[in-house]
Amino acid sequence: MAIELFVWGANSHGQLGLGYQCEQIIDPERLNLSKLNINVDDIKCIVGGAGHTFILEHSGRLFGCGWNKASQVGLSNNKLDAISNFEIINNFHMKKIIDIACGWNHSFALTDCGEIYGWGSNQYGQLGLDKLNCDNFIGNKYISIPIKIKIEFKVKKIAAGLRHSVIISDDGRVFVTGSGNKYQLGLVDANNEPILSTDTFTLVPGIENIIDIACGQYFTIALASNGDIFTWGDNKYGQLGIDSNEIPSSILPIKLEINFGKVKTISAGWTHANVLNNEGIIFSWGRNTYGQLGNGLNDTYQQWKPKIVQSISNIRQMSVGSEHNIALDDEGKIYSWGWNEHGNCGNGDVTNIFSPCEILNRKKNNTALLIGGGAAHSFVIIKNTIDNE
């Protein structure tokens, strides 16, 4: 039995970790991790941004590669704009990393004691660091190495969008930082005017007991412990789950009046959102230009009302890129749909996919264990019951 990591999609910055750069890989390719000292059996998650990627082990070791122009990979000894092999990321002061989040060109790590480290671009305050009081800025824009963010409470969850970031405190409060040009921060001032920018993590009013969060390009989604889901920010494509003709954007969080069942996780692409419930059902809404809703309709521009992705079931994990989706079911089958310009759906083509399509099928005795990815690139860990196949 062999356990292997397969990669595909955009690779112009080396974000697939193959050791070289190319425009794209449309057929899933095996990545040899043994020479990189990464234990594939110990991989906890694989998370990517626009053009960079991190592999986090259960042991807490973190490896990164890809686009590094804003130092978003976090290698203090590597100033290259692109890094094509996974390299270990340090500077966490012996703290164990348990989660990772990637924005467009900024990154966060969460430790097991509730601390967060940030690095990469802080041009819009998205790292939550005071730009005037930080010694690690490059040209007053970028953090070159992971640096601890000073916060007065423990953090249990992090998420990052294009230019904004969100954290959940250990008592379920939500804090945001960065750009709010489309109201994605969910903040207002004393005059009830929208706050369009902040460079420190600031409390979002009106929501509590939050257990999960996700960031789109210009919107934010939050899940409360009682199952309530809140959205705020830009609603041009109905990505807030409300009619965009009636509410084109929302400055403050709005509760969705939809019965999703018991929600397991929430996720967001640039302009669409997904809910996965405990029954393995995916609900999706928002933009559908590239098929990212998986409803089979290539003439539907958007769909604001959350609807079930009908052709798949018993899903246990979701991975969402900027405009494409990967899903893993209980049998170890993998499905992809949505934007496919760079082969990011892994079906050997570059045509957008409007209904979930099974990839890396079972005829080769493949069973998927874990999926992950970034904006236009994807990863899957496969167990093959026949060695050397």
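Just so it is clear, glycine is given a Cβ too, placed from its N, Cα and C backbone atoms.
What TrEMBL annotates here:
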REPEAT    3-59  repeat 'RCC1'
DOMAIN    4-380  domain 'RCC1-like'
REPEAT    60-113  repeat 'RCC1'
REPEAT    114-171  repeat 'RCC1'
REPEAT    172-226  repeat 'RCC1'
REPEAT    227-279  repeat 'RCC1'
REPEAT    280-331  repeat 'RCC1'
REPEAT    332-384  repeat 'RCC1'
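3-59 is the stretch from 3-59, 172-226, 227-279 with the greatest number of Cβ pairs below 8 Å to the repeat 'RCC1' (332-384).
Mean pLDDT across the repeat 'RCC1' (60-113) comes to 93 in this model.
Residues of the repeat 'RCC1' (3-59) grouped by DSSP class, helix first, strand second and coil last, total 6 helix, 31 strand, 20 coil. Per DSSP, the secondary structure of the repeat 'RCC1' (332-384) breaks down as 3 helix, 28 strand, 22 coil.
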